[in-house]
Amino acid sequence: MHELSIARSIVELVEEQADNRGASVVEELELEIGHLSGVEIQTLEFALDSAIKGSKLEKARIIRHYIEGEGQCSDCETIFPMNALFSPCPHCGSYLVKILKGKELRVKSIVIKKE
């Protein structure tokens, strides 16, 4: 379950940024999570809920943006929605696809409070 280590890394990163700015509390955390990122979204959410306990993020509002997968066929250049990493082009059937969106897994922003 690598989602727990990802959740812990998110908490460490955010707490480090809060500490560097002299903040005692993180009020808001905004995440972008792509459907093609390779994480189980529900498992990550559960792990994050567990990882924030006792941290500066414990009472933070967590905003999650889910990014749908999108790819472009390298053969016919059709842009199409992707449900899986190895989705074929719906136009020509090619598997030579460049992923345009959906692999994101990042902290987009944090809101901190100094006391």
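For all residues, glycine too, the Cβ spot is worked out from N, Cα and C.
The Ni(2+) binding site annotation in Swiss-Prot covers His2 and is backed by sequence analysis. Among the features that Swiss-Prot reports, Zn(2+) binding site is placed at Cys73, Cys76, Cys89, Cys92.
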Output field, Zn(2+) shell: CB within 8 Å of site CB centroid, site Cys73, Cys76, Cys89, Cys92 dropped: Ser74, Asp75, Glu77, Thr78, Pro90, His91, Gly93, Ser94, Leu96, Val97
His2 (Ni(2+) binding site) and Cys73 (Zn(2+) binding site), distance between Cα atoms, whole Å: 30
Cβ contacts of Cys92 (Zn(2+) binding site) (under 8 Å, same chain, 6 or more positions away): Cys73, Asp75, Cys76, Thr78
Residues satisfying Cβ distance under 8 Å from Cys89 (Zn(2+) binding site), sequence separation of at least 6: Gly71, Cys73, Asp75, Cys76, Thr78, Phe80, Tyr95, Val97
Three-class DSSP secondary structure - Cys76 (Zn(2+) binding site): coil
Neighbourhood of His2 (Ni(2+) binding site) by C-beta distance under 8 A, where only residues 6 or more apart in the same chain count: Val39
Among Cys73, Cys76, which are binding-site residues, the residue with the most C-beta atoms within 10 angstroms of its C-beta: Cys73
